[in-house]
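J.: Mind looking over this structure? Questions follow.
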Amino acid sequence: MADDTGTEEGLGCSGWFCVEAIVDKTTENAISDDEDENVDDSGLDLVDFVDNSTVIHTKQVHAQALLNKQQAHADQEAVQALKRKLLGSPYESPVSDSQHSIDNELSPRLGGLTLCRGSQGAKRRLFQSLENRDSGYGYSEVEVQQTQVEHGHGAVHGTMGNGGAVGSELGVQENEEGSTTSTPTTRVVELLKCKNLHATLLGKFKELFGVSFGDLVRQFKSDKSSCTDWVIAAFGVNHSIAEGFNTLIKADSLYTHIQWLTCTWGMVLLMLIRFKCGKNRTTVSKGLSKLLNIPTNQLLIEPPRLQSVAAAIYWFRSGISNASIVTGDTPEWIQRQTILEHCFADAQFNLTEMVQWAYDNDITEDSDIAYEYAQRADRDSNAAAFLKSNCQAKYVKDCGVMCRHYKKAQMRRMSMGAWIKHRSAKIGDSGDWKPIVKFIRYQQIDFLAFMSAFKKFLHNIPKKSCLVLIGPPNTGKSQFGMSLINFLAGTVISFVNSHSHFWLQPLDSAKIAMLDDATPPCWTYLDIYLRNLLDGNPCSIDRKHKALTVVKCPPLLITSNTDIRTNDKWKYLYSRVSLFEFPNPFPLDTNGNPVYELNDKNWKSFFQRLWSSLEFQESEDEEDYGETGQTFRCVPGTVVRTV
């Protein structure tokens, strides 16, 4: 083996070493003086040789945009450094939700120690701001470090660590700008974060308008209750919609009172609207939600207080100011409580006026009196005073009792002819008497014999004052009798109540009576106990909570499927009744309507046509019956004093 060049043996050294010479390049260029071969090459100069950051291709690069980008990046790094400086205990879990305690503030290392292991599972948050929302892609404790900074209002915001700081500069800048601006979306999210949204809206309303919403409205528990007047408070309305809402609602309303104020949630509208027809809360909320472009849970909708003077004055005073837009006629409940003449018109309740009204309108039932008179409160001062009273039930009962007394006394003073005219005056003149006559002839009854018995029946002649209609079922006996009783405002008694001592009490206050569908036990009862009643003679009647009274039985009409002539045990009733048989079924047309109409108008025409045949005399002094003289008055007159 040949000797290698540069290797010397001896002097206690042996081995190989490399000798490198500095030579010129083949290009024969001199080596640069800047290169220092004595410095160790660590490769740091090749770190930025490959740029992994996102390259944004633009057509033209502006110097100002580049400067802004650099400044934003520098600001971001300064904020990141400040956040790291204010970070709590380094031993606290980054996913922990525990609050910083006083010990943690004094000693982060001591505050990080716990006796029990807390829950490491992250809680799901229903409402999360856009900047804190993360898709979760690639999330791990190693790759992403979540830091928390506690702001003055107590909210905790998370920021990203070192990862992604270089490649997402533009996205970080947009998130920083979005977190400082307040948009309608963020305001709605903040509103929805409230645990009790209704209470929050009520509190904001009182803060803005200086008056409680409950002081202006009365509560409807049901959303289906209808009302024409509604008070609405709308939150978060756009400014352009608020200004044009008066025009949008004009087509559906008769009166509008609109005022608005500005708050952090947008425009807040307070409205008093009278719609053209009654609407419930659900209908109003759906309609206004579409017009105002807001959800229904941002609306407070209740009817106004109609009897509150303070509420009426609020609407009146705010309506005359320049802060409200008012269109239409002012509701009467505001005028009644604010205008001076209406205040003077308020008077105490007068029972006689209520009784006079019930008498004139022929209303004798307590429930009808209470309902009808309460509806007159908006145009009758006495009815308004009635509603304000705490004794409404007593007044209604007293009014009904007095009205029935007056009606009963008026009826007793009238003869049968006057009573028929009195009843006919309340019915129209478009009737026809022929269907009644045709129906009687259809039942194979001699019309002259019927008119003779009917005349004695109406005149209440003894032993001729009971008219009996017998025959098979469905022959029109009850239809014929009920139509006559309804025209003459008679009463009906039922044998089913015969076990009571008071079942004949209605005969005391009737001009004519009817006993429908008398069965054999009923005929036996009449034969044993009520022979004098069928005679038309005075008899004693027991009345509930009253003493016995002696009355003359009014004309009594009886219908039955039993022919008393076929049984001798009722022979003592033969001479006390006038009996007519209806053998034929009641006729109906193809549509199921009666062929012969038996109604009030036809009965009126029947009595007018056959008035002379019934031998009702024309009274010369009809004033005794209240027909042509002055009408009955129970209200004391007022004396007109001359000045």
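Including glycine, each Cβ sits where the backbone N, Cα and C put it.
The shown structure was predicted, so the numbers you read here are calculated from the model rather than taken from an experiment.
Relevant sequence annotations retrieved from Swiss-Prot are reproduced here:
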- GLY471, PRO472, PRO473, ASN474, THR475, GLY476, LYS477, SER478: ATP binding site (BINDING)
- LYS552: SUMO cross-link (CROSSLNK)
- SER89: phosphoserine (MOD_RES)
- SER93: phosphoserine (MOD_RES)
- SER107: phosphoserine (MOD_RES)
- 155-184: region 'Disordered' (REGION)
- 180-346: region 'DNA-binding region' (REGION)
- 106-115: motif 'Nuclear export signal' (MOTIF)
J.: Other than GLY471, PRO472, PRO473, ASN474, THR475, GLY476, LYS477, SER478 themselves, what residues in this chain have Cβ atoms within 8 Å of the centroid of the ATP site's Cβ atoms?
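T.: Those within range, site residues removed, are THR559, ASN561, PHE582, PRO585, PHE586.
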J.: Which is it, of GLY471, PRO472, PRO473, GLY476: the one of these binding-site residues whose Cβ has the most other Cβ atoms within 10 Å?
T.: GLY476
J.: Just to verify: the residue among LYS477, LYS552 with the fewest other Cβ atoms within 10 Å, which of the recorded positions is it?
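T.: Counting other Cβ atoms within 10 Å of each of the recorded positions LYS477, LYS552, the minimum falls on LYS552.
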J.: So if I draw a 10 Å sphere around the Cβ of SER478 (ATP binding site), how many other Cβ atoms end up inside it?
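T.: Total other Cβ atoms inside 10 Å, all chains included: 16.
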J.: When the number of other CB atoms within 10 A of each residue's CB is tallied over all shown chains, which of the binding-site residues ASN474, THR475 has the maximum?
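T.: Buried the deepest by this measure is THR475.
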J.: Helix, strand or coil by DSSP: which one applies to LYS477 (ATP binding site)?
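T.: The residue in question, LYS477 (ATP binding site), is helix (DSSP, three-state).
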J.: Compute the C-alpha separation of the residue listed as 'SUMO cross-link' from PRO472 (ATP binding site), stating it in Å without decimals.
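T.: Distance (Cα to Cα, whole Å): 31 Å.
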J.: Using DSSP reduced to three states, classify PRO472 (ATP binding site) as helix, strand or coil.
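T.: In the DSSP reduction, PRO472 (ATP binding site) maps to coil.
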J.: Can you give the mean pLDDT for the motif 'Nuclear export signal' (106-115), rounded to a whole number?
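T.: That stretch averages a pLDDT of 56.
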